[in-house]
Amino acid sequence: MSDPGPVYELLGKLAFAFAEVQPLIPTYSHLLVSALFPIYAGAHSSLTRPSSAAKPKKAPKTDDDEGYVSEEDEEDDIQQMEGLSTRDAIIFPVMAGVTLTGLYFLIKWLQDPKLLNKILNAYFSLFGVLSVSRFITDGMDLVHSIVFPRRYIHSGVLYDVHSHAKIAKPRVVKPAGQTARTSPLPGAFARIPLPDSAKAFLWAVRNVPKQKWTIKFFLRNVASARGHLGLHGVVGFVLAVAAVAYFNFVDKPWFLTNLMGFAFSYGALQLMSPTTFATGTLLLSALFFYDIYMVFFTPMMVTVAKSLDIPIKLVFPRPDIPSADPAKPPIKQHAMLGLGDVVLPGIMIGLALRFDLYMFYLRKQTKTKHSTTAKKAGTEAAEAPGEQQIQVSKAPYISVSNKWGEWFWARSAEQSFPKPYFKATMIGYVIGMLATLGVMQYANHAQPALLYLVPGVLITAWGTALVRGELKEMQEFSEAFEDDEEDLRHHSILSKERAVRAEKRLEKATRKYVEIDTDESSDEKRAGTEPKNEKTPDPLHEHDHDHDVFFFAITAPFSFSKKKKKDAKKDDLPFKKD
């Protein structure tokens, strides 16, 4: 019998390798999807107005719901991302190495890491409650926005949902006439015949999460914040406390570990930014060598990861292996992925998505030339033509963050933008993760994931810019605060200069968060009009904020006064209600 040829021999080896890895395909698929999920969600939630776009236009309130939060207020409430500098990119791997080394020797000294696990889990509990609470709240907001969107398209007609009037109005009325729908459900679901009681209940369910209490806090030179708390926030906080308490006092199942890991990653991607692609490249390159050294040349990384049972990793069940003793149950195994392998490449992917948004509005800018005139020397009336100045007009920003319901039902062009860099870096991340799993399966040894993820993300990011001819724009792009001086952008987040900048921002926040409004001025603000100018200054508006030390206020989403509202004229609609 003749020997098989090289082709058949290769096919046989591939079939044998596939038979070995086939039981692990569900585990590896679970790992890949779980790594991509917080990156995708966190990157999109981090989208804010880029420097290439103008501030959104202040539109009058179209819906009379109390507890209304305008897009302008939402922009003010967004927490600014803290940008990393070049110094941070160098210091970060050093601090990570010192921390890992300290934990390794502490575990060796304790011999039993139970006490260390309890201390670290207690430390992570506070952050876990806050992170999981926001993660669950945002998830509930997403589901609610899909079930009850603000607008939707059905049969080619765009409908705007008005909660106060409890109708959905077609934006454009065709000659045949369109009816205003009284159902709060979107699309074809609005045609489902429902009794009035069911419709009233659904309208109430739709409106309840929008009724948010506004909480304002200010402590001079320490902190300032403004947030909105609604039903989803309360439910998210209760569920977060329950999840963290169960994790610390009852059991640590893999799905709770992953829930906290998702929440930490999701929050970190909205708080951290490499600021520039150069800084992000330097940071990932430094961690590239750090990961290789700690995994291949020291036992520290593997020992710490296996010894600590804390939510700094994602855990995935693997097929059980039979026990040596037939009387004992099979041994359970789990695959692990550190949160660093998600967050660190993730902040670069998030930067790529925000760069896509920046380029989208940069292309929408228009430039016009204006000629200036200068007076001749020795004369007052005569003028001479001066130099031409180029004025750049920026397009107003349209919020694209947390608009999943409108994207799902309306898919409007105004809230979508091309994402070539984001897609490229996501593909690079997937290729890097597949390479990690393949080499780990072949070598049967833990692999430093950043060894494969960093080249995948960086090559696709810079390669896309090279192919598109946008290397200059990528190099010049920066997410530093617009009011920062150039020198400040190169200081570390731990530097004294950054602390002074934070203090100035707190001073500026005084006028924004410490405010006293009369009923009339509040109503005018909600209606989108400017307060009337009074000849006699109102002492409430003459408040001197320079003397404020502490301020805390809770604003209800409804009015406690029984002041009667003027009867508003009904709209003359060219259509009838269903």
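Just so you know, glycine gets a Cβ as well, placed from its N, Cα and C.
Where the annotation comes from TrEMBL, it is an automatic prediction and has not been curated.
What you are looking at is a predicted structure, and each value in this text was computed from that prediction instead of being measured.
What TrEMBL says about this one:
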{"type": "COMPBIAS", "residues": "63-76", "note": "compositional bias 'Acidic residues'"}
{"type": "COMPBIAS", "residues": "523-544", "note": "compositional bias 'Basic and acidic residues'"}
{"type": "REGION", "residues": "46-76", "note": "region 'Disordered'"}
{"type": "REGION", "residues": "513-544", "note": "region 'Disordered'"}
{"type": "TRANSMEM", "residues": "89-107", "note": "transmembrane segment"}
{"type": "TRANSMEM", "residues": "119-136", "note": "transmembrane segment"}
{"type": "TRANSMEM", "residues": "229-247", "note": "transmembrane segment"}
{"type": "TRANSMEM", "residues": "281-302", "note": "transmembrane segment"}
{"type": "TRANSMEM", "residues": "342-361", "note": "transmembrane segment"}
{"type": "TRANSMEM", "residues": "421-443", "note": "transmembrane segment"}
{"type": "TRANSMEM", "residues": "449-467", "note": "transmembrane segment"}
Range from 89-107, 229-247, 281-302, 421-443 with the greatest count of C-beta pairs under 8 A to the transmembrane segment (119-136): 229-247
Top partner of the transmembrane segment (281-302) among 229-247, 342-361, 421-443, 449-467 - counted as Cβ pairs under 8 Å: 449-467
Chain residues outside the transmembrane segment (421-443) and at least six past its termini with a C-beta under 8 angstroms from it: 20-21, 24, 28, 31-32, 35-36, 39-40, 43, 345, 348-349, 352-353, 355-356, 449, 451-461, 463-465
Residue numbers, six or more beyond the limits of the transmembrane segment (449-467), whose CB comes under 8 Å of its CB atoms: 277, 281, 284-285, 287-288, 290-292, 337-338, 340-341, 344-345, 348-349, 352, 420-421, 424-425, 427-433, 435-436, 439, 473-474
